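Asks: TrEMBL lists these features:
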DOMAIN    B:48-131  domain 'Manganese/iron superoxide dismutase N-terminal'
BINDING   B:HIS72, B:HIS124, B:ASP208, B:HIS212  Mn(2+) binding site
DOMAIN    B:142-241  domain 'Manganese/iron superoxide dismutase C-terminal'
Amino acid sequence: MALRTLFSKKAFTTASGFRPIAAGDRCFLRQARGLTVAALPDLAYDYGALEPAISGEIMRLHHQKHHQAYVTNYNNALEQLETAVAKGDASAVVRLQSAIKFNGGGHINHSIFWKNLKPVNEGGGEPPHSTLGWAIDTDFCSLEALVQKMNAEGAALQGSGWVWLALDKGSKKLCVETTANQDPLVTKGANLVPLLGIDVWEHAYYLQYKNVRPDYLKNIWKVINWKYASEVFDEETA
Amino acid sequence: MAMALPLAYASSVVHPFEAGRLSFSTKATKHKKQIYQFRNVTKVLAYYGLTNPPYKLDALEPYMSRRTLELHWGNIHRGYSDSLNKQLANSPLYGCTMEELIKTTFNNGNPLPEYNNAAEVWNHDFFWESMQPNGGRLPWGGVLDQIEKDFGSFSNFRDEFVHSAMMLFGSGWVWLVLKTNERRLLIVRTSNALCPLVWGDIPIISLDMWEHAYYLDYKDDVSKYVNNFMDHLISWHSATTRMVRAEAFVNLGEPKIPVA
């Protein structure tokens with residue numbers, strides 16, 4: 001595991017304790033050619049630890065199947081890109097961009113998402129305090145207003161996408177943004193840093209909540225990891 | 001299933017390829033009367049009723065479960081229909097067939113708020129009719145000839161359709177359309193609610209690639225869903241009917257009349 005995290009594109013810290021069987025075992029390394037590849041990060045909690053807000057079945061499929069597929073396809077696209085760049089095949093390079101954006105974005109977004117969630121008995125759902133709490137009160141009047149805004153935007157999003165609580169690095173203000181499909185938050189603004197992201201693709205909730213996306217959005221707040229959001233916020237506003 | 005109704009109700013020219021849909025739009029266009037408290041005011045609204053799929057909800061088992069159809073048609077499709085009618089209650093759009101409504105609200109790429117609901121209602125109607133119990137296998141006659149002409153062979157077409165479905169990023173639909181200008185069949189992918197009608201093309205078959213269409217039955221195994229659709233669900237009967245109507249508008253060449 002240590003070798004894998006060393007050579008993975010992002011070094012993810014995993015909390016000690018319960019850990020599901022890592023689907024990342026299936027990832028392969030290509031450090032021999034100097035190409036760093038993405039790897040599926042481990043979750044810091046069991047698949048079933050977020051129940052009843054999110055079912056274990058959804059978490060398992062979401063992590064082991066969907067996220068893994070994004071990682072695999074991203075790595076494939078990167079490999080093809082490397083070949084195309086080496087050959088100077090500009091049309092191939094351009095043609096691969098949509099696959100890289102989609103699969104790479106999916107990997108980025110889901111990696112943030114797993115850190116945004118925490119079981120209730122480990123502090124999930126506990127509202128933010130101090131700096132982030134005050135910033136929310138300043139920019140949104142109250143936490144309830146922020147939650148309501150994010151729920152409204154998430155429910156109104158047509159098709160697939162994400163709803164984000166973002167920090168604008170330039171103005172140091174918080175804002176709520178949505179992105180379509182797997183577009184990462186930076187596609188909405190180069191200065192935007194994601195604090196919290198909620199996946200509103202149907203695969204994130206359909207098995208449990210069926211088509212009632214508003215119920216999913218209402219319940220996911222019980223397992224949101226505000227501590228992580230606070231840490232990112234403090235780091236960026238330091 | 002879809003029967004042609006007398007055209008007396010139509011407020012505009014009805015194209016033959018819409019005739020089969022006549023039963024949905026004009027039969028369903030009703031007038032709602034609202035009597036206000038202090039004066040007699042008749043308010044006339046457009047209203048589009050939710051149509052039933054042309055088979056029982058469990059008829060597509062085991063390839064599409066009854067539960068999926070109950071949710072997909074009963075909740076999601078019905079939801080779009082209800083939302084559309086709510087929007088139309090306060091909208092000047094009236095007297096359109098569903099296809100006209102879609103083209104009008106698409107507004108050449110700047111869609112009006114009613115577009116999404118209208119398009120999704122139509123898309124789902126079209127999708128239910130693109131499937132049948134005991135479907136799949138091969139088309140025949142003119143449809144098969146046209147597919148072989150435009151794709152080389154049926155298996156080429158099938159591979160291309162499956163590939164196109166697998167390459168769809170996000171929510172959307174995969175269509176077999178008859179392009180009116182190029183006068184040939186083509187496979188197109190559209191995102192979210194986009195419908196080839198807005199480009200003036202004639203859809204022949206569609207496949208819903210939104211996750212809600214397959215997640216309960218297939219989870220993340222998209223390829224199995226698409227292959228089952230091609231092998232067991234696709235309704236070549238519907239495709240043939242639609243092609244026949246389309247040929248009234250698109251000249252697909254001289255028929256092969258045997259010379260004595």
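Just so you know, glycine gets a Cβ as well, placed from its N, Cα and C.
Quantities reported herein were computed from a predicted structural model and do not represent experimental measurements.
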Asks: Determine, from DSSP, whether B:HIS72 (Mn(2+) binding site) sits in helix, strand or coil.
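Replies: Note: B:HIS72 (Mn(2+) binding site) is helical by DSSP.
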Asks: Around the C-beta of B:ASP208 (Mn(2+) binding site), how many further C-beta atoms are within 10 angstroms, looking at every protein chain?
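Replies: Neighbour count, Cβ to Cβ under the 10 Å cut-off: 24.
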Asks: Give me the sequence-ordered set of same-chain residues, not including B:HIS72, B:HIS124, B:ASP208, B:HIS212, with a C-beta within 8 angstroms of the centroid of the Mn(2+) site's C-beta atoms.
Replies: B:TRP73, B:ILE76, B:HIS77, B:PHE127, B:TRP210, B:ALA213
Asks: Around B:HIS212 (Mn(2+) binding site), how many other C-beta atoms are within 10 angstroms of its C-beta?
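Replies: Step by step: centre on the Cβ of B:HIS212 (Mn(2+) binding site), count other Cβ atoms within 10 Å, giving 18.
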Asks: Taking the Cβ of B:HIS72 (Mn(2+) binding site) as the reference point, list residues of the same chain whose Cβ is under 8 angstroms away and which are at least six residues distant in sequence.
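Replies: When sequence neighbours closer than 6 are ignored, B:HIS72 (Mn(2+) binding site) has B:HIS124, B:ASP208, B:HIS212, B:ALA213 within Cβ distance under 8 Å.
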Asks: Around the C-beta of B:HIS124 (Mn(2+) binding site), how many further C-beta atoms are within 10 angstroms, looking at every protein chain?
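Replies: There are 25 such Cβ atoms around B:HIS124 (Mn(2+) binding site).
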